[in-house]
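Let me begin by presenting the structure, written as structure tokens, before commenting on it.
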Amino acid sequence: MAGKRELLMLENFIGGKFLPCNSYIDSYDPSTGEVYCKVPNSGKEEIEAAVEAAREAFPAWSSRSPQERSLVLNRLADVLEQSLEELAQAESKDQGKTLTLARTMDIPRSVLNFRFFASSNLHHVSECTQMSHLGCMHYTVRTPVGIAGLISPWNLPLYLLTWKIAPAIAAGNTVIAKPSEMTSVTAWMFCKLLDKAGVPPGVINIVFGTGPRVGEALVSHPEVPLISFTGSQPTAERITQLSAPHCKKLSLELGGKNPAIIFEDANLEECIPATVRSSFANQGEICLCTSRIFVQRSIYSEFLKRFVEATRKWKVGVPSDPSANMGALISKAHLEKVRSYVLKAQTEGARILCGEGVDQLSLPLRNQAGYFMLPTVITDIKDESRCMTEEIFGPVTCVVPFDSEEEVITRANSVRYGLAATVWSKDVGRIHRVAKKLQSGLVWTNCWLIRELNLPFGGMKSSGIGREGAKDSYDFFTEIKTITIKY
């Protein structure tokens, strides 16, 4: 009889040391449905220890020059890059995404986050003005806020954790980070690299556990004046409630119900593969994924036929399979939630053209209990349907026709979210008109997911509060002060 497999045991990282926890929670391999890891079930006690460590580290770290801090960030990028393959393997196993995606996007982008903020941190300028008639000069300075509370999601675990840590410590803050309890492994591995990169103890503290226990303890702590959160709207509402008594600075990057608008002059050779990717990349578990596709009626039938054909070629497979385009969803509960949207659409009279309930999914025996789902295309669905108004966060997209430019803008803007949109057309004038009228924080035209990290990232309406990016992140992680000199 084969021996029982040993589970990976994670520990909190506080004050430069790994510390065990009194209790642990199970973490699952999404591709098999098996428990493979134990994550600390931290709470108030661990947050108190992390706050003490971050408080002690803050004076020395914040006193370092931007140049000195940037050297540390670049060393962090170096050690991450040296561990790229190991981190990619772990990210794929922990999250369910394909190993190819982890290798080519998640870990390289984590490296870039530190390199980018190491550079941008050196190029901020202050404002200065004179009032000669009063003999006064005014100028501004920015100072770090203090201890930054960072809460990152499960869909892009290390990618979004480092997107928060890098600008926070570059600006001179110390941090307490809480990754998702479902995808904590690469954050734990990251902690092992900090000493090698020369990060002083207490500058980066990572505490693992659930939102209701450790997340609430972090958000409500009076010595944590700033919270950066990426995740769901209900959790953001709770964070806002807990933060209000302390008047904390908040950055909330939430969900989306992102439209793609495809006009009759679109280049379908480019549009269709790009829209398949924007709909189903990372199992549709990216806040920027397309979940509503509006196609001008004159090309609707052709687009739909070709889009479904291309979707059926989008291979679902074991994450380690180099030919797989899609891996497993994050959890059994999430898989059931995504499937429930498809069932609801069917009861409303919508047609499922491919995917869930239509096509057969073939997997190796070991992976048949994993959380896999075929990419699913829905049509003949009303704009008021839950599938057209609520964030599904899975491999499900709806395709509907439209007639006029004005009509499609109104329909695209009809949901409570406003994170991202894509527009496909050869008419430059139309692109500018439509992009300006869309209620989205990001609009891609004739492309998707091309990011310039110097520019703002974030959404409108219920998609969040604030922006992230070079200057926006620097402004968020610092306090501005106006100084007046009488001469």
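In case you wondered, yes, glycine gets a Cβ from its N, Cα and C as well.
Features as listed in Swiss-Prot:
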- Asn155: site 'Transition state stabilizer' (SITE)
- Gly231, Ser232, Gln233, Pro234, Thr235, Ala236: NAD(+) binding site (BINDING)
- Glu253: active site, proton acceptor (ACT_SITE)
- Cys287: active site, nucleophile (ACT_SITE)
- Ser362: phosphoserine (MOD_RES)
Of Ser232, Thr235, Ser362 (the recorded positions), the residue whose Cβ has the fewest other Cβ atoms within 10 Å: Ser362
NAD(+) site, defined by Gly231, Ser232, Gln233, Pro234, Thr235, Ala236: further same-chain residues with Cβ within 8 Å of the Cβ centre: Phe229, Glu237, Arg238, Ile239, Leu254, Gly255
Within 10 angstroms of the residue listed as 'active site, proton acceptor', Cα basis - recorded positions out of Asn155, Pro234, Thr235, Ser362: none
Length of the line joining the Cα atoms of Asn155 (site 'Transition state stabilizer') and the residue listed as 'active site, nucleophile', in Å: 9
Integer Å distance between the CA atoms belonging to Ala236 (NAD(+) binding site) and Ser362 (phosphoserine): 38
DSSP state at Gly231 (NAD(+) binding site), helix/strand/coil: coil
DSSP-derived class (H/G/I helix, E/B strand, else coil) of the residue listed as 'phosphoserine': coil
Residue among the recorded positions Asn155, Gln233 whose Cβ has the most other Cβ atoms within 10 Å: Asn155
Cys287 (active site, nucleophile): tally of other CB atoms within 10 A of its CB: 24
Winner by Cβ contact number (other Cβ atoms within 10 Å) across the recorded positions Pro234, Ala236, Glu253: Glu253
Alpha-carbon spacing, Ser232 (NAD(+) binding site) to Cys287 (active site, nucleophile), which is rounded to whole Å: 10
Long-range Cβ environment of Gly231 (NAD(+) binding site), under 8 Å and at least 6 residues apart: Ile151, Pro153, Glu253, Leu254
Residue from Gln233, Pro234, Thr235, Ala236 whose C-alpha is spatially nearest that of Cys287 (active site, nucleophile), among the binding-site residues: Gln233
